[in-house]
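Student: Before I ask anything, let me first share the structure, which is written out below as structure tokens.
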Amino acid sequence: VGQGEGNAGRICSPIQSSQTGDIDLTYKSSKCSVCNKSFSHKGNLNKHLRVHSNDKVFKCSVCNKSFSVRNYLISHLLVHSNEKPFKCNVCNKAFSRKSLLNTHLIVHSNEKPFICSICNKAFSRKSHLNTHLLVHSNDKPFKCSACNMSFSRKTHLNSHLLVHSNEKPFGCDVCNKAFSRKFHLKKHLLVHSNEKPFVCGICNKAFSRKSHLNTHLHVHSDEKPFKCSICNNSYSQKSSLKTHLLVHGSEKPFKCTICNKEFFRKFNLNDHLLVHNNEKSFKCSLCNKAFSHESSLKTHLIVHSNEEPFKCSFCNKSFFQKSNLNRHLIRHNL
């Protein structure tokens, strides 16, 4: 065999032979016609082509799952074993596949390459983006069999199902309070720390939860979205409305254990308890007179001023205290 004929049989470059007109098959010509991926060996190209076909000849003997490439089967078999050879060097979390480790490593970086085209929210994983996109659609394929409520994510359905049971698997290590959802526990844990990351931009008051900050912001506006259905009184906070509603009922849930006097509100009970312990912690800075209630001190301070804010609507006589005005009004009624 001549030298030229010997070289013709070697895969080296896609050069057309000037003698025969044939094209030599090389690493540059071993390109997938479907996705244009290139391979150094034709054998590797042939293996790769199975990815684009439905031919899955490599079957798992444990779960019968099939794969088009032998290496995929080998990687899959690690799922059935406890072997996790790919370990994260940041947090030591281990994975059965290198691809899973690579996906995990993005968590430790601030890289969020997958961006929602609707709201520009960014995610570290494509799967998280795909899950998020369900929020923007009306597609809620996961339905609760107990109440027919629907959810866009299976994880949300799983969390919701705990509502129908009394199961609260997420327990606080500090106070043993239990929660049905993990994120509720995370929010609760801020109570035990002094961390208050949500700061009001108007008065700098800080809160442990964003929802508490949002509620607080109503105080700085004239917005009072919580309206009493009985008397149309409006409140900036839902908790204030709930407290107010007790006034319309006969229920006074806060009872003094000493004299059995009942109160609509807990803070009124706390104020009342000062009467029984003779504690007078609110002292006037002008005359040193002391009071058990802060409201009593405020009323007293008017005495030291010339202010008489309580005016009779019949004769325009003014009084320091509302109680004095009330006594005066009896005369007009007579």
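Placement of Cβ uses the backbone N, Cα and C atoms for every residue, glycine included.
Okay, so TrEMBL annotates it like this:
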type	residues	note
DOMAIN	30-57	domain 'C2H2-type'
DOMAIN	58-85	domain 'C2H2-type'
DOMAIN	86-113	domain 'C2H2-type'
DOMAIN	114-141	domain 'C2H2-type'
DOMAIN	142-169	domain 'C2H2-type'
DOMAIN	170-197	domain 'C2H2-type'
DOMAIN	198-225	domain 'C2H2-type'
DOMAIN	226-253	domain 'C2H2-type'
DOMAIN	254-281	domain 'C2H2-type'
DOMAIN	282-309	domain 'C2H2-type'
DOMAIN	310-334	domain 'C2H2-type'
Student: Summarise the model confidence on the domain 'C2H2-type' (282-309) as a single mean pLDDT, whole number.
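Tutor: Averaged over the domain 'C2H2-type' (282-309), per-residue pLDDT gives 79.
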Student: For the domain 'C2H2-type' (282-309), what are the same-chain contacts with Cβ under 8 Å, counting residues 6+ beyond its ends?
Tutor: 271, 274-275, 318-321
Student: May I ask for the residues of the chain that lie six or more residues beyond the domain 'C2H2-type' (310-334) and have a Cβ under 8 Å from a Cβ within it?
Tutor: 299, 302-303
